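Novice: Structure below; questions to follow.
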Amino acid sequence: MIPLLAIVGPTAVGKTALSLHLARLFDGEIVSADSRQVYRWMDIGTAKPTPAERATVPHHLIDVVDPDEDFSLALYQDMATAAIADIAARGKLPLLVGGTGQYLAAVLQGWQLPRVAPRPDIRAALERQASEQGGEALYARLKEVDPIAAARILPGNVRRIIRALEVYEATGIPISEQRSVQPPPYRITTIWLTLPAPVLYARIDARVEAMMAAGLLDEVRGLLERGYHWNLPSMSGLGYREFRPYFEGRATLEEAVTRLKYDTHTFARRQPAWFRRLPNIVTLPADAPDLLQRAEAIVRQTFDSS
């Protein structure tokens, strides 16, 4: 069994700092479990580890595709499992680090995913329908053809709704019937970092302000100038979509920043629903004075590291 340390938690809780510390101490490498960090040129809005941080600890599954390229959950699972196997084969400790619930669950629970190639024709038709009739119409249709999948997907997550309908239309089989679970070949410990909501929200707000100071607005502008449009999954994600009204003259910059803080709070509230399902969880308060020592002890006890 391959030893695998997962470090999970809501956005801005402190996963990066802890994972870097543990990776340096236990000769590890980090596999990102963040659906936004796979995109090149989207650095500030996705809170990627800095170049200096990535120079000290090898990172995987960051800067994998351009913002206009498709990147599926199945592809992530394939690449992440390959990276974990490679890290372990070289005698190092793999750390799976992030907050994207589907990515974490696919790897840690061993999801057997439908290998249905993208169908641009079907997807384009569904995207047109979403644009003309709203995401609610697509969600209502999904509830008809695949109520199990609909129950797992938030009504506002149009991208996942479209993918579920795309798989159904391409195969005639609901996506929920094409997924099973096979326990993965890992000896897993999951460290779940937590914070009281008011403390976490304050951290989120401070990070948004730091992102703005670091040039987030210019990053978004640069992506638009490169030709990446708002309807791309990358550009419609958290940290970027909030600026669309500003660039289209429908909102002030202050309103866009306020919306980004609000949306990030909402996202952080929803993330724990995924974390609760993960295997072998140890919960640690992210603001504990002895956090590093407690995390180190967990790694030593679990993986017999020294």
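We count from 1, first residue shown onward.
Heads up, the Cβ atoms here are built off N, Cα and C, so glycines get one too.
In case it helps, Swiss-Prot gives these features for our protein:
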- Gly9, Pro10, Thr11, Ala12, Val13, Gly14, Lys15, Thr16: ATP binding site (BINDING)
- Thr11, Ala12, Val13, Gly14, Lys15, Thr16: substrate binding site (BINDING)
- 34-37: region 'Interaction with substrate tRNA' (REGION)
- Thr100: site 'Interaction with substrate tRNA' (SITE)
- Arg123: site 'Interaction with substrate tRNA' (SITE)
Novice: Counting only residues 6+ away from its ends, which parts of the chain sit with a Cβ under 8 Å from the region 'Interaction with substrate tRNA' (34-37)?
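Specialist: Residues packing against the region 'Interaction with substrate tRNA' (34-37) from afar: 45-48, 61-63, 71, 76, 98-100, 102-103, 234, 237-239.
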Novice: So how many of the residues in the region 'Interaction with substrate tRNA' (34-37) end up helix, strand or coil by DSSP?
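Specialist: Residue counts for the region 'Interaction with substrate tRNA' (34-37) by secondary structure: 0 helix, 0 strand, 4 coil.
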Novice: Compute the C-alpha separation of Gly14 (ATP binding site) from Arg123 (site 'Interaction with substrate tRNA'), stating it in Å without decimals.
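Specialist: Per the Cα atoms, Gly14 (ATP binding site) and Arg123 (site 'Interaction with substrate tRNA') stand 36 Å apart.
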Novice: For Ala12 (ATP binding site), what is the tally of other C-beta atoms lying within 10 angstroms of its C-beta?
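Specialist: The answer is 23.
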Novice: What is the interatomic distance between the Cα atoms of Thr16 (ATP binding site) and Thr100 (site 'Interaction with substrate tRNA'), given in whole Å?
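Specialist: Cα to Cα, Thr16 (ATP binding site) and Thr100 (site 'Interaction with substrate tRNA') are separated by 14 Å.
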Novice: For the region 'Interaction with substrate tRNA' (34-37), what is the mean per-residue pLDDT, to the nearest integer?
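Specialist: Reported value for the region 'Interaction with substrate tRNA' (34-37) is a mean pLDDT of 98.
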Novice: Rounded to an integer, what is the Cα-Cα distance in Å between Gly9 (ATP binding site) and Thr100 (site 'Interaction with substrate tRNA')?
Specialist: 9
Novice: Taking the Cα atoms as reference points, how far is Val13 (ATP binding site) from Thr100 (site 'Interaction with substrate tRNA') in Å?
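Specialist: Here the two Cα atoms are 13 Å apart.
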Novice: Between Thr100 (site 'Interaction with substrate tRNA') and Ala12 (ATP binding site), what is the CA-CA distance rounded to a whole number of Å?
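Specialist: Between the alpha carbons of Thr100 (site 'Interaction with substrate tRNA') and Ala12 (ATP binding site) there are 13 Å.
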Novice: Could you measure between Pro10 (ATP binding site) and Arg123 (site 'Interaction with substrate tRNA') for me? Cα positions, answer in whole angstrom.
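Specialist: It is 30 Å, counting Cα to Cα.
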Novice: Expressed to the nearest Å, what is the distance separating Lys15 (ATP binding site) and Arg123 (site 'Interaction with substrate tRNA') at their Cα atoms?
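Specialist: Given the Cα positions, Lys15 (ATP binding site) is 34 Å from Arg123 (site 'Interaction with substrate tRNA').
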Novice: Determine, to the nearest whole angstrom, how far the Cα atom of Arg123 (site 'Interaction with substrate tRNA') is from the Cα atom of Ala12 (ATP binding site).
Specialist: 33
Novice: How many other Cβ atoms sit within 10 Å of the Cβ of Pro10 (ATP binding site)?
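Specialist: So the number of other Cβ atoms within 10 Å of Pro10 (ATP binding site) is 26.
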Novice: Relative to the mean position of the Cβ atoms of Thr11, Ala12, Val13, Gly14, Lys15, Thr16, the recorded substrate site, which additional same-chain residues have Cβ within 8 Å?
Specialist: Gly9, Pro10, Ala17, Ala47, Gly99, Leu193, Arg203, Ala286
Novice: With the ATP site defined by Gly9, Pro10, Thr11, Ala12, Val13, Gly14, Lys15, Thr16, which remaining residues of that chain have Cβ atoms positioned within 8 Å of the Cβ centroid?
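Specialist: Checked against the 8 Å cutoff, the neighbours are Gly99, Leu193, Arg203, Ala286.
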